[in-house]
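Enquirer: Swiss-Prot lists 45-82 with the feature repeat 'HEAT 1'. If you look up Swiss-Prot, you'll see 117-154 marked as repeat 'HEAT 2'. The repeat 'HEAT 4' annotation in Swiss-Prot covers 273-313. For 384-421, the entry in Swiss-Prot reads repeat 'HEAT 5'. Feature annotation from Swiss-Prot assigns repeat 'HEAT 6' to 458-495. Under the heading region 'Disordered', Swiss-Prot lists 590-700. Taken from Swiss-Prot, the feature compositional bias 'Acidic residues' covers 596-609. The feature compositional bias 'Low complexity' is assigned by Swiss-Prot to 613-645, 664-677. Residues annotated as compositional bias 'Polar residues' in Swiss-Prot: 678-693.
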Amino acid sequence: MSDSKYFQTTKKGEIHELKEELLSQREDKKKEAVKKVIAAMTVGKDVSMLFTHVLNCMQTHNLELKKLVYLYVMNYAKNHPDRAILAVNTFQKDASDPNPLIRALAVRTMGCIRVDNITEHLCEPLRHALKDQDPYVRKTAAVCVAKLYDVNPELVENQGFLNILNDLLGDSNPMVVANAVASLTEIDEVSKKEVFRIHSGNLNKLLAALNECTEWGQVFILNSLCKYTPRDSQEAENVCERVAPRLQHANSAVVLSAVKVLMKYMNSIGNNDVIRLFCKKMAPPLVTLLSKEPEIQFLGLRNINLIVQKRPEILQYEMKVFFCKYNDPIYVKMEKLEIMIMLANEKNIEEVLLEFKEYATEIDVEFVRKAVRAIGRCAIKIDRASERCIQVLLDLIQTKVNYVVQEAIIVIKDIFRKYPNKYEGIIATLCANLESLDEPEAKASMIWIIGEYAERIDNAHELLNSFLEGFKDENSQVQLQLLTSIVKLFLKRPKDAQQMVQTVLNLSTQESDNPDLRDRGFVYWRLLSTDFEAAKAVVLSEKPLITDTTSHLDESLLNELILNISTLASVYHKPPETFVTKLKGLNKRGLRNKEEEDEEEPDYVDDDNMNNQQGGQQQQGGYQQQQQQQQQGGYQQQQPQQQQPKSGNLIDLDLSDLGGALPNNNNNNYGNNNNNNMYSPQPQQFNGNSNDLSFLGGGGGGGEVQAPVNKVVVFGGDRSQAIQISGAFTRFQGRINLELNLLNTSQQGMSKFKIQFYQNSFGISPADQILSCGAIEVGQSTDVTIPISCNGQISNPLNPVIDMAMMVLPSQERFYFKMNFPLLCLLTETGRLDRESYLSMWKSIPESNERSVEIQVRLPHVDVDSILRRLNSKNIFEIVRKKAPNQEISFLSCKTESSVYILIELAFNISTNTCRCSSKTTSPDIMALFEHNLNLLINNQI
């Protein structure tokens, strides 16, 4: 009879009977009883009261019974650590048993029991097991070290287990080597210092073990080889030759791991013929992945996507294997389309377009859209194929299938941008399908085409006017594009669009709740009212040509993902530390010993820049405007306030989003962030019946104005709740605020609100729990600013998430939600140090508190001045700067509300678009979060 019988009894008094059976002198009865206990435990019954009785069964030579008892102990030891200690003597005795299976079982079980009391007694048995004569015991003990490190890292380091593990890399048994590699790799990923380093001494040992260990052991060893950088081209070639046979393995994981090693080592090979040889060897196993189950196909395709971006020559002749089959799942088809676009070239474009055209007639709407868009991407990628792509798109438009037509128009808009004034002859065909457009992106694309080529479309004003009639009901994307296109039409044909432009500007600035639309409306308003020719120069300027977007990963990220082939990172196309909790903030290794250069005079000091940073300079109508007050040390003296520009000055408007820009005359001072957002100025009152635009006078900037706040929906996003809450934390004029927008989605009005913060890492709470806002009627919303109190103390573990509750009074109805608190809000306006104080403080902070991390600057070019202005706007102040060829080094300081200083050195490498950030602080626990925010600031993402 099978073991299923143990799951079928549920009678009263069962526990008592089990106790009796566990006390039996017969081993077969004990074994049956323990099986029943395990079965009850498996289905969720509490059998912890039998702990002592089961523990007594450990004293046996029956291996099956011992395994069952160990399983029970592992399950309940965490909840009963005081009882688990009773098993230590038996574990230690079993760890020295003559039977290697029992020795290994004892060590494995002790490693799985995550209780401090047990781990203290594990050290000696583990040390003996690591040096055991039997390889089975050694390989089990190697894995146990990683488990022990997860519970108590210091214990593992102090006991010297890491050194023993490194010695096991030279073990005669390949499985011991593989397990030692796996254990060291896992420890190295979460350790703050390097514990696993491959060098020429152990490289050959790993390669020798590669041929003899199991398939998963091969995966561990292959992955570890990616940590090694070959000394020269010959060594890289030798390693590739040893790894290449693994490409023929039946296990897909082994194949992908071998591909990963080859992809890395080929970068070090100087002989192009050898590289071509290895590329040729990699193609068949990658193609074989596409003949496996759909799930493995998908994983293979995601990895192939990265490989093709890095080395397209590997699969350049394998286009046909990526053609979609009728029975492929949709997720496989989508990935195949991406790779087909990457591999498309002038030689194969004809057959690729025939495939895409065929896909565009299928039933699945999303797949059809992707296929149509793929045709457009091929047109942008391959200049000589653009005309053929246009013809295919026109053929698809003739099918009159609604979603095909709309997607084709979206794609043709991009082709027009890539090839201006080349295919305008098809505009009439596009306009004939105007009435079938119902999707926002398709409408916006058609409106863009009409506005861009308004001078060639006789009835352009009529077409745009038809969209203007339903302006208020349109999507914001359509509204923004319609506004821009009508302004373009007015600049090209003023007589036809004069009334229209007045109407659209009025709708955008006076009757819209969309801040983006209002901002753009005010920009156009002032341009048109100030200088017609200047407006034409800006709005109708020559636009940059769009480029091929097939390779959407920047090179640094791609190189990192190549080293993570066959892992989850290669599927997500994200670095591991972005989604693996243990790795977040732990890639900050490589702490360098700071040279004595800090004691020397800097090579270059920008005195003008230092002076411009002094005092509180008046900010003018821009994003992130703040006055600098209460400066320290040599920065007490204030500069005179800069002269404000005249109202309506076109030169000061940031119009880069409109496709054109005029020279910027603003002084390049960090204290003066002229990133004007058109929120502070308000238009003058006008007579709506006026037929000219003289009423569009520009307003002048006033005092310090808070930037518009980008609120995020944090509760009730689907409007299924009684209220929708959007919000964001801000810092303005030295105060932390919580900006909320409350939307009443219930069936009755709301009059009074109360907010509560639960205990959090930053010690923040609302200054007044009762919100100062009026009643909110059904369907209405209101904005409210909540001053935040901060006790200044940051507690550990640091968690940026704040738990909150909103209460509606007097009904007492509560709504619970969470918000992320940005650490930058804690940085005060008094965080600037003078140079002497900076050097003195740097030396006083222990070297152990120094951190170093390399930040990839994902901007078109490294504009150090612009980056430092952004940092200054967030109260991260530059002290001094040093310049060298292709490098600029800036020293900065900032201070939190709790008076914790953070000292930073940013070394910008202009040639590699990187920034090395070294920092010191007396509170290192906050640095992982601070470095994350610094990365976003440098890359202009916040």
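Glycine is treated like the rest: Cβ placed from N, Cα and C.
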Enquirer: Do any residues, 6 or more residues outside the repeat 'HEAT 5' (384-421), come within under 8 Å Cβ-to-Cβ of it, and if so which ones?
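Expert: For the repeat 'HEAT 5' (384-421), the sequence-distant neighbours (Cβ-Cβ under 8 Å, at least 6 residues beyond its ends) are 344, 346, 349-350, 353, 356-357, 360-361, 365, 368-369, 372-373, 375-376, 378, 429-430, 433, 436-439, 441-442, 445-446, 448-449, 452-453, 543, 545-546.
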Enquirer: Would you mind listing the long-range same-chain contacts of the repeat 'HEAT 1' (45-82), meaning Cβ under 8 Å and 6+ residues beyond its ends?
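Expert: Apart from its flanks, the repeat 'HEAT 1' (45-82) reaches 15, 18-19, 22-23, 27, 30-31, 34-35, 37-38, 90, 94, 99, 101-102, 105, 109, 112-118.
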Enquirer: With Cβ-Cβ distances below 8 Å as the criterion, list the same-chain residues six or more beyond the ends of the repeat 'HEAT 4' (273-313) that contact it, or say none.
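Expert: Residues packing against the repeat 'HEAT 4' (273-313) from afar: 237, 240, 244, 247-248, 252, 255-256, 258-259, 262-263, 266, 321-322, 328-329, 331-332, 335-336, 338-339, 342-343, 551, 553, 558-559, 561-562, 565-566, 570-571, 573.
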Enquirer: By DSSP, what is the split of the repeat 'HEAT 4' (273-313) into helix, strand and coil residues?
Expert: 38 helix, 0 strand, 3 coil
Enquirer: With helix taken as DSSP H, G or I, strand as E or B and everything else coil, how many residues of the repeat 'HEAT 6' (458-495) land in each class?
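Expert: Residue counts in helix, strand and coil order: 31 helix, 0 strand, 7 coil.
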Enquirer: Could you break down the residues of the repeat 'HEAT 2' (117-154) into DSSP helix, strand and coil, giving a count for each?
Expert: 33 helix, 0 strand, 5 coil
Enquirer: Over the repeat 'HEAT 1' (45-82), what is the model's mean pLDDT?
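Expert: Value for the repeat 'HEAT 1' (45-82), mean pLDDT as a whole number: 83.
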